[in-house]
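Data first, discussion second: the structure below is written as structure tokens.
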Amino acid sequence: MDAQLEIQLIATVVAIACAIPGVFLVLRKMALISDAISHSILPGIVIGFFITEDLNSPLLILLAAVTGVITVVLVEAIQKTGLVKEDTAIGLVFPALFSIGVILIAKNANDVHLDVDAVLLGELAFAPFDRLIISGIDVGPKSLWVMGGILLATVGMLFAFFKELKVSTFDAGLSAALGFSPVVLHYGLMTVSSVTVVGAFEAVGAVLVVALMIAPAATAYLLTSDLKKMLVLSVIFGVTSAIAGYWMAHFLDASISGSMTTVLGLVFLTVYLFAPSKGLIAVMYRQKQQRTEVSLLTFLLHLNNHDEESERRVQHLNEHINWQKVRSKTVLDLAQKNNLIAIENDLVTLTSKGKEFTDLALEYIITNKDEKIEHMKDDFFLFRG
Amino acid sequence: MSKEKIAIRVDDLTVAYNYKPVLWDIDLEVPEGVLMAIVGPNGAGKSTLIKSILGIIDPIAGSVAIYGKPYEKQRKLVAYVPQKGSVDWDFPTTALDVVMMGTYGMLGWIKRPGTKEKKASLEALEKVGMLPFKNRQISQLSGGQQQRVFLARALVQDASIYFMDEPFQGVDATTEIAIINILKELRKAGKTVVVVHHDLQTVPEYFDWVTFLNVKKIATGPVRDIFNDDNLTKTYGINYKVAVNK
Ligand SMILES: Nc1ncnc2c1ncn2[C@@H]1O[C@H](COP(=O)(O)OP(=O)(O)OP(=O)(O)O)[C@@H](O)[C@H]1O
Ligand SMILES: [Mg+2]
């Protein structure tokens, strides 16, 4: 395998491994926690390094994961005092732990080759150089094996505990009542997240790890209201952004991690703007449509209440109901498109469909019961609750 | 009466928020198979009582037993519909999915829900009149519809004891009747149902057992024996004239 392919393979595995716990972190509104973990594991790594004197020792990963879980415990303990909010608690804990790590490195800078930049930014380009050699045979980049292992474990746990994770994230009270301890699941998720962060940050750096966990999940969240689809979409977004970021770095001769993070951000921005129902533009369009539909309904009610010809003239809309020309044209078009009115010689008449529509809409507005208007939801935003 | 099984027993229960007691020394016995209303003014501690029975709040004194054992050992016998579900309304999940979660308890860890669970969930949705909404994301349901979904979820739990905190809040008259009929069916099937209820007029019609609560327990027993002006006055502090059908 050549280095290019290996880098992309590592990126893919890291992206999938991050996207899965990321979905649950985003749904639990714990996005910041991944940031905290990624920084506060530093002292764990440094201490592990002092003990083993070997940057590749599995003890490093273990100690770092322990520090990650300690971070979560500390954040929760501070939060429980009720004196500060969660984000404040996170802001208190991780700089403290991170700086302990920095001080430890600085104090021993002479005999340790570990630098903060490398930890934070990482460099995927170097990942293929660190090989795993088993009894003299080169079996591939070490980080591919580490992350592959973590990914397998994560996927295994996701399949085994999908329903437990779902119910405890959605409704912790019910989860406890059904016998699925939310505490156990919470710390399980935190452990998986910590291990993933630790395993990945060596290859891609802390910043990209956080981006890979949060951005794909946040993007997917805008596109679906089905948890399984959200997981699949997150994985797709994570992997495609990582690969696209790699090639962007290749052509711009820029940092791989930086490019990947940028692509993740751009993908999120695009979806945030253009997502079909939760996107910014869709929301604005819907609000505009709803305004028109309210006007339409007022107009139909007016027709319903008035038989006199003078009240049913097209011009009358502009004068009497007091709409601007543009507005009344939009309303008339909408009504005609849905066969709610007929216009003959500038005289507007309610069709039988229009009559039925008006009655149902009126009933819905009064009773707020939407059983009977299900069929109207497809054409009109107004009735979608 | 002494032959009847006691479904819920509360002994000397005292609960405080930030050292301020909101429930004082409550003793309560609820026999199996009753449909019981808990009545009392806002802030009387009705929700708190249910939450402490369910171990959601730790009492500072006293104990609770469900069929003679602590709640922790009897979780699966109990279903609970909270006053305002403390769930994440924006969670990517549908009405049917929420109801299916009620079946998870019987499945235990790891095992996934299958066609049997799905069928039971659809039936429960049908019962509460929410079948047409099964694929709707839950935040897109009205308040009363959300309430009905959570009722359906409790129904599929197939518990022995049901706690419902104001299930009639914000539901229309037709739905209220549909719900009370479901509750009466549960009682007929031998289940115990505990409901926090605010509409005193309907107590005699809906329930056969009642507990008056206002920080302390005022009275508990059969509606026909204790649902009277005296207890209402003690609970609400002002003179109540409620016609009690006998
Ligand atoms: N989390 C809390 N922290 C502090 N005080 C609380 C908390 N929850 C409830 N209380 C207080 O405890 C008392 C009892 O509350 P509870 O919710 O049990 O009342 P309730 O009888 O259910 O009222 P309602 O009819 O309004 O639902 C109230 O005085 C309330 O202000
Ligand atoms: Mg209450």
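Yeah, the Cβs are placed from backbone N, Cα and C, and that goes for glycine too.
Unlike curated entries, TrEMBL annotations are predicted automatically.
Pulled from TrEMBL, these are the features on record:
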- A:6-27: transmembrane segment (TRANSMEM)
- A:32-51: transmembrane segment (TRANSMEM)
- A:57-77: transmembrane segment (TRANSMEM)
- A:89-106: transmembrane segment (TRANSMEM)
- A:144-162: transmembrane segment (TRANSMEM)
- A:174-197: transmembrane segment (TRANSMEM)
- A:203-223: transmembrane segment (TRANSMEM)
- A:230-249: transmembrane segment (TRANSMEM)
- A:255-275: transmembrane segment (TRANSMEM)
Same chain, outside the transmembrane segment (A:255-275) by at least 6, Cβ under 8 Å from its Cβ: which residues? 7, 11, 121-125, 204-205, 207-208, 211-212, 215-216, 218-219, 222-223, 237-238, 240-242, 244-246, 248-249, 281-282
Tell me, please, if the transmembrane segment (A:144-162) and the transmembrane segment (A:32-51) are in contact, taking contact as 3+ Cβ pairs under 8 Å between residues separated by 6 or more positions? no
Please identify the stretch among A:57-77, A:89-106, A:230-249 with the greatest number of Cβ pairs below 8 Å relative to the transmembrane segment (A:203-223). A:230-249
Long-range Cβ contacts under 8 Å made by the transmembrane segment (A:89-106), restricted to residues 6 or more beyond its ends, are 32-33, 35-37, 39-40, 42-47, 50, 67, 70-71, 74-76, 78-79, 112, 114-116
Long-range environment of the transmembrane segment (A:32-51) - Cβ separation under 8 angstroms, sequence gap at least 6: 22, 25, 57, 59-68, 70-72, 75, 86-87, 90, 93-98, 100-102, 104-105, 108, 112, 114, 116, 119, 190, 193-194, 197-198, 201, 206-207, 209-210, 213-214
Relative to the transmembrane segment (A:6-27), which of A:57-77, A:174-197, A:230-249 accounts for the most Cβ pairs at distances under 8 Å? A:230-249
Between the transmembrane segment (A:57-77) and the transmembrane segment (A:174-197), do 3 or more CB pairs sit under 8 angstroms, pairs being 6 or more residues apart? yes
